[in-house]
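Pulled from TrEMBL, these are the features on record:
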type	residues	note
ACT_SITE	Y57	active site, proton donor
BINDING	H118	substrate binding site
DOMAIN	17-298	domain 'NADP-dependent oxidoreductase'
SITE	K85	site 'Lowers pKa of active site Tyr'
Amino acid sequence: MALPAATLRTGAQMPLLGLGTGPGSVGTWQTSTEPIYEAVKVAIDTGYRHIDNAESYAEEQAVGRALREKVGSVVERKDIFITSKLWNTRHHPDDVLPACQRSLTDLGLDYLDLYLMHFPVAWTRGDVYYPKDENGRAVLATPDVPFMDTWKAMEKLVDAGLVKAIGVSNFNISQMEEVLSNGRIKPAVNQVESHPYLVCSKLLKCAADNNVVITAFSPLGRPGEESLHGVSPLKDPKVISIAEKHKKTPAQVCLRWQVQRGVVVVPKSATPARILENSQIFDFELSTEDMETISGLNKDARIVKFGMCDDHPQWPFNGEF
């Protein structure tokens, strides 16, 4: 049975639940991409029909292996939603098409359902994903590449049929509005960090008013880490109480809260039992009181900050979310 979906401005259906494939809470998928290869296969067998990728995760070849095994046997290509992202070192307009083609080749696909600009700040061109100077700061593009120049190159990917929809990631409200105002093709999605300690209510309202779907990465915070204001949202007593009431886990409650707000979630896991658990969020409903209680936990506690370029004028986290 198809999982509930958000409708993009293109008319496409984007499943509200996807498998995130980005770096885990300790940085990456260790030294092997085998766990993500297995995770994608398990997710598809479990019923997931949405896989979230990015070139910078360095796992698209592994995802592609899994897709080749499952597409055509377990699921048809038209019934699975695949996202990738354009990395910060690929913002120069001449680099956009080759970057997209590389992702398509690695994933073994003819088209992407969604292609996102991963971050609004351009770093220096090249194949080093995190170029740093002697002080550990990001080496920025020189001259700078305004994100609207990159966006115009992404629009051509839609024209060429390589991607069905385009969007942004980590863009604040004013940056998203700039693309909405000046883009020939409007962004379909803005993927941002969001969880009960980072509610992003203003961004969510702005997105809804402009027919932009919000996707939440790190929708559970970073389980196992104590860096998020001293405690994970999964350990919050109010979340635990709501979970006990519904006979669900705290993770399921946090994910349910998001999808009930119309937010797409892409939780990451390489554990089959957790992948299954994260999918079991459509058989219960949170009350209005539950929703308000969880939203009231907001601390504006952000985990992912791209701090190595926080002096750039387009660093997004000085603006409103």
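The first residue you see is number 1, and the count goes up from there.
Here the Cβ of each residue, glycine as well, is placed from N, Cα and C on the backbone.
Owing to the predicted nature of the structure, the values given are computational and were not obtained by experimental measurement.
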Could you tell me the C-alpha distance between H118 (substrate binding site) and K85 (site 'Lowers pKa of active site Tyr') in angstrom, no decimals?
5
Express the distance between the Cα positions of Y57 (active site, proton donor) and K85 (site 'Lowers pKa of active site Tyr') as a whole number of Å.
10
Of these recorded positions, K85, H118, which scores lowest on Cβ atoms within 10 Å?
H118
What is the Cβ neighbour count of the residue listed as 'active site, proton donor' at a 10 Å cut-off, with all protein chains included?
24
